[in-house]
Amino acid sequence: MSKVIGKVSQIIGPVVDVVFNGKDVELPKIYDSLEITKKDGTLLVLEVQSHIGENTVRTISMDSTDGLSRGYEVVGTGNPIKMPIGADVYGRLFNVIGDAIDGLGNLPKDGDNGMSIHRQAPRFEDLSTSSEVLFTGIKVIDLIEPYSKGGKIGLFGGAGVGKTVLIQELINNIAKGHGGLSVFAGVGERTREGNDLLREMLESGIIKYGDDFMHSMENGGWDLSKVDMPGMRESKATFVFGQMNEPPGARARVALSGLSIAEYFRDGAGSDQGKDVLFFVDNIFRFTQAGSEVSALLGRMPSAVGYQPTLATEMGAMQERITSTNKGSITSVQAVYVPADDLTDPAPATTFAHLDATTVLSRKIAELGIYPAVDPLDSTSRILTPQILGDEHYDCAQRVKEILQKYKQLQDIIAILGMEELSEEDKLSVSRARRVQRFLSQPFHVAEQFTGLKGVLVDIKDTIKGFNMIIDGELDHLPEAAFNLKGTIEEAIEAGEKMLAEA
């Protein structure tokens, strides 16, 4: 088939119009990718969004349009954007169009070596539903909003309350213990965090660059010539990045690029059997934000709060692909930025509908110095039922919620009249609730350099035992401070006895 060739007719920021003149020229299809070779030899990829009139298509650019001018030649590829697949993608870093950004050379994407980033969600009869719990070793999550294997998990929070630290801790706890494959999609977040994550994955052995490279890294070097390419196939993770400095086209598509690789791992290809995959996205809000940045330029009328009118459709098309089939499962953890701490904003509100478990991070709790700053009363989980978790776990979670809810209701009275006006029973409830609140905190492995405390993983049995002891009043004699940033209840008791001895 002869290539379709057009010319750039209009450029408005990231949106480029391309005109295809000539008789019987077949316009590129919606979501096809087009390529422009710039004067410096670099390739600019565009994605068709709409057809205007008889011979013009409107496209979004996947990279900066700086230096582009009208009249540039545009070549149609006849395919959507593709990501490389196969055993060689393990341990690699890609951008939105599937080019390697780790300096280790590009992988082929043509024919069977590539997979389109736009795909249909699995059919209804292919879906699998299981209700197995995924324990994370983080007390507040495992007790109050337990995650399910093959489920969708959202971490909601405003700016600076700890979403990325929590997602990094989950990668540390689940990806290392899980032993399966992980895909990390960095969508419109800080490049520094991506770099930190890669170094952390190398140190923990999830990504394997070989011993020679690790020696050079320990000495402060980054010598890519020492990377053991065949050994890299033993890696357990793949990264796809479209960070803050990228144009909106890349940020609006990079989540789909990462998802395509996760789907390939899940479904397998040919002899490859499907696998259980972890899919981390930081941050899913930037996917929506990028869509809203280009929506008006694409000629769409804005809807509520200036978001694109297709917000729910775009989110639904992506979220329905993140699912578990009878071939394999995708367990996804998505960080969701909450603009101005308003959970009713259309972007986080649309995301809520798709999730099995939500972990809401609260600024009020962060201000108390309780980390992770999870709000136990706002967070939810589909599998918090006695049938799945057992009566002991369920009852303990309800008792914790009950005592915290009572404390919340009494806070207005305390603020106006003071603690003295409470009944003895209420005073006791408040003092226990404050201990519970502090015991929900925990030192993280990834935050050791901030806290100076060694990170801990807490078994669910120890978590249940600890909270039951506090609520039953067995530890009323210990000071509140003893419960802050402790793992197990034994650590808290030891710290409390020490404080009492020193007092």
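In case you wondered, yes, glycine gets a Cβ from its N, Cα and C as well.
As the structure is a computational prediction, the values presented were derived from the model and not from experiment.
Swiss-Prot annotations:
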- Gly157, Gly158, Ala159, Gly160, Val161, Gly162, Lys163, Thr164: ATP binding site (BINDING)
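Projection of Swiss-Prot feature records onto the structure.
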{"residue": "Gly157", "record": "ATP binding site", "Cβ contacts under 8 Å, 6 or more apart": "Lys163, Ala335, Val336, Tyr337, Val338, Val360, Leu361, Ser362, Ala373"}
{"residue": "Gly158", "record": "ATP binding site", "Cβ contacts under 8 Å, 6 or more apart": "Tyr337, Val338, Pro339, Ala340, Asp341, Leu361, Arg363"}
{"residue": "Ala159", "record": "ATP binding site", "Cβ contacts under 8 Å, 6 or more apart": "Tyr337"}
{"residue": "Gly160", "record": "ATP binding site", "Cβ contacts under 8 Å, 6 or more apart": "Ala366"}
{"residue": "Val161", "record": "ATP binding site", "Cβ contacts under 8 Å, 6 or more apart": "Leu361, Ser362, Arg363, Ala366, Ala373"}
{"residue": "Gly162", "record": "ATP binding site", "Cβ contacts under 8 Å, 6 or more apart": "Leu361, Ala366, Tyr371, Pro372, Ala373"}
{"residue": "Thr164", "record": "ATP binding site", "Cβ contacts under 8 Å, 6 or more apart": "Glu189, Glu193, Asp282, Ala335"}
Helix, strand or coil: which one is Gly157 (ATP binding site) in, per DSSP?
strand
Lys163 (ATP binding site), number of other Cβ atoms within 10 Å:
27
Environment of Gly157, Gly158, Ala159, Gly160, Val161, Gly162, Lys163, Thr164, the listed ATP site - residues of the same chain whose CB lies within 8 A of the CB centroid:
Tyr337, Leu361, Ala366
Where does Lys163 (ATP binding site) sit in the DSSP three-state scheme?
helix
